[in-house]
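K.L.:
What follows is a single structure, and I will ask about it in a moment.
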Amino acid sequence: MSRERVVTPKAGEEDQQIEKSLRPRRLAEFIGQEKVVEQLRIAIMAAKGRGEPLDHTLLYGPPGLGKTSLAGVLAAEMGVNIKLTSGPAIERAGDLAALLTNLQKDDILFIDEIHRLNRAIEEVLYPAMEDFALDIMVGKGPGARSLRLKLPRFTVIGATTRLALLTSPLRDRFGSVHRLEFYSVDALYQIVMRSARILGVDCTPEGAHEIAARARGTPRIVNRLLRRVRDYAQVVGNGVITLETARDALAKLEVDHLGLDDNDRRLLRAIIELFNGGPVGLSTLAASLAEEVDAIEDVYEPFLLQLGFLQRTPRGRIATRRAYEHLGVPYVERTIDNGADQGRLWS
């Protein structure tokens with residue numbers, strides 16, 4: 001399951017290069033996430049009216065839904081600079097201090113994967129976010145003293161796929177917290193048509209809708225599928241993405257009508273065939289698939305849970321009736337009786 005997946009929500013190098021040209025610049029261009037966008041629009045207008053920076057903002061949700069894009073839009077709407085970094089990239093307190101001291105008034109510091117900040121870094125970030133001050137230790141031993149350096153007022157925008165891993169003190173310092181949801185097919189259709197115009201791709205509404213329907217509710221995936229179908233249309237067809245062209249291309253990519261690929265189906269089959277439908281522990285499931293536990297939780301599970309193909313229980317993962325039906329496997333009715341035998345077959 002380690003080969004590159006066309007439906008993975010995580011960004012590859014090609015995605016990062018292309019996404020820069022496809023990202024919206026303003027809130028008016030941002031498609032989907034209507035509730036979040038409206039709340040942020042009000043926050044921006046209020047902050048501008050008071051002449052203050054935005055409240056510290058936390059964006060969370062599955063990967064590929066536009067957290068980084070939204071941070072860039074907020075910076076553009078506020079007319080300020082944005083500095084991009086990530087939790088793993090800030091290894092020492094000095095790294096964070098260098099970032100903070102280079103910020104100008106009202107600037108935005110965007111920290112992706114903020115849940116991966118280590119605790120020592122968080123201790124430096126707390127007073128910076130709360131008091132706009134940086135505490136620096138000068139000297140060593142008994143003569144060491146703390147020096148407080150004032151910082152210009154700024155905004156931290158944090159992004160995470162794992163809200164539960166944030167410590168309470170860090171989470172409490174964000175005045176604005178927003179969850180990004182999976183996109184509707186209609187919203188993804190609009191994204192396909194917009195991206196096709198930017199990339200100079202001739203795409204029919206029917207072809208765009210077919211791509212949108214298989215994109216797992218994720219803009220990053222819909223843009224990647226658009227590029228793959230474009231390549232197919234250019235080589236096999238006449239360069240136009242029609243309904244038939246889109247279906248043929250996506251079939252060759254092994255992306256079915258719900259957006260599942262061979263890796264998703266293999267995961268579901270493992271639960272059904274190797275573990276009798278579950279429950280199976282996460283680490284056991286990951287080992288059987290030669291996958292990382294984090295990849296199962298962050299990449300595979302969110303969409304399968306959204307479809308209702310998977311259940312998380314205290315005893316492990318269970319494949320639902322819908323998963324059996326999608327794979328064309330006869331469903332085995334089961335009961336779970338406090339550790340007693342499971343998997344009873346009912347006639």
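Glycine too: its Cβ is placed from the backbone N, Cα and C atoms.
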K.L.:
Could you look at ARG173, ARG227, ARG228 and say which one Swiss-Prot places alongside LEU22, ARG23, GLY64, LYS67, THR68, SER69, GLU130, ASP131, PHE132, TYR183, ARG220 in the ATP site?
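P.N.:
ATP site check in Swiss-Prot: besides LEU22, ARG23, GLY64, LYS67, THR68, SER69, GLU130, ASP131, PHE132, TYR183, ARG220, the record includes ARG173 out of ARG173, ARG227, ARG228.
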K.L.:
Given the binding-site residues ARG312, ARG317, which one is most crowded in terms of C-beta atoms within 10 angstroms?
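P.N.:
Checking each of ARG312, ARG317, the winner is ARG317.
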K.L.:
When you measure from the Cβ of GLU130 (ATP binding site), which residues in the chain that are at least 6 apart have a Cβ under 8 Å away?
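P.N.:
Listed in sequence order, they are ARG173.
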K.L.:
In three-state terms from DSSP, label ARG312 (DNA binding site) for me.
P.N.:
strand
K.L.:
In sequence order, what residues of the same chain, 6+ apart, have a Cβ less than 8 Å from the Cβ of TYR183 (ATP binding site)?
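P.N.:
Once residues fewer than 6 apart are set aside, TYR183 (ATP binding site) is near ILE31, GLY32, GLN33, LEU65, ILE191, GLY217, THR218, PRO219.
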K.L.:
Cα of THR68 (ATP binding site) to Cα of ARG317 (DNA binding site): how many Å, rounded?
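P.N.:
Each residue's Cα considered, THR68 (ATP binding site) and ARG317 (DNA binding site) end up 31 Å apart.
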K.L.:
At the level of the C-alpha atoms, what whole-angstrom distance separates GLY64 (ATP binding site) and ARG312 (DNA binding site)?
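P.N.:
The separation of the Cα atoms works out to 22 Å.
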